[in-house]
Amino acid sequence: MIEKIWSGESPLWRLLLPLSWLYGLVSGAIRLCYKLKLKRAWRAPIPVVVVGNLTAGGNGKTPVVVWLVEQLQQRGIRVGVVSRGYGGKAESYPLLLSADTTTAQAGDEPVLIYQRTGAPVAVSPVRSDAVKAILAQHPDVQIIVTDDGLQHYRLARDVEIVVIDGVRRFGNGWWLPAGPMRERAGRLKSVDAVIVNGGVPRSGEIPMHLLPGQAVNLRTGTRCDVAQLEHVVTIAGIGHPPRFFATLKMCGVQPEKCVPLADHQSLNHADVSALVSAGQTLVMTEKDAVKCRAFAEENWWYLPVDAQLSGDELAKLLAQLTSLASGH
């Protein structure tokens, strides 16, 4: 229902307009206060790059963060990552991730980024505290990438990157809750780069698509072509589950059942195993896998996806980030 409201297919969005006006007024006032320096943002001693969204819901932001960190690492740059840690609750903040950190403590996305990149990752509701925690333990870090936080103006940033869904784009264009917007589309004029996940990119936008890899068994780490798996049941606890289901079908899988879950939803063995009958195979996202690995069964698999970006604007962005980081 929410997708129909945000896309404009359902007229119910009109009933929510008063709340959207209030949301827009408050969010605009907050940004203006920082712009006029009525509120002061904390500036890190090294460059900060924000990778965020203008809309609620999954746009492929986390794969972009992983891709960006890996690209900078390949250029010899030491990168740190900070996040709010949605879906997690640590005993205290900031929390610097280690191999023992669970998704219950840090959230699924920070754990995934840490496992994929090996970069220092810290979470905190106050992102400046997360930056300080990284620099205290890793003073050689040259640049910080913040996963989400475009609207977290308390942390000053040097580069802003926005990821948008190239198919859904901005829906009906209204602020939450009548529409999907955290900020209006005009905000794109002030950011440094716009990455478009799928669809047809417009002039100046960086095209991106998600490339699926081989399926990975949660218990053994064995890899195989996902199309070889039979009697598949799939779950997806991401911002936009239909994208993952469509990816599986593109890979030649016809799931017997597709189960969308809430983004950042906590998972346990009883709930997940109840979704799979005898003889069926469970396939999930990598983001779900980091929550399920500790109690996974033999027939549980995940399908990793990697961001693939291209174009002249991408080369300019990487050159800009490399230059910024090299100065520190």
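Note: Cβ is positioned from N, Cα and C throughout, glycine not excepted.
Some features that Swiss-Prot has for this protein:
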- Thr55, Ala56, Gly57, Gly58, Asn59, Gly60, Lys61, Thr62: ATP binding site (BINDING)
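Structural mapping of features recorded in Swiss-Prot.
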residue : record           : Cβ within 10 Å
Thr55   : ATP binding site : 24
Ala56   : ATP binding site : 17
Gly57   : ATP binding site : 16
Gly58   : ATP binding site : 23
Asn59   : ATP binding site : 28
Gly60   : ATP binding site : 26
Lys61   : ATP binding site : 23
Thr62   : ATP binding site : 26
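In sequence order, Asn53, Val163, Asp165, Gly239, His240 are the residues of the same chain, not among Thr55, Ala56, Gly57, Gly58, Asn59, Gly60, Lys61, Thr62, whose CB sits within 8 A of the CB centroid for the ATP site. Secondary structure from DSSP puts Ala56 (ATP binding site) in coil.
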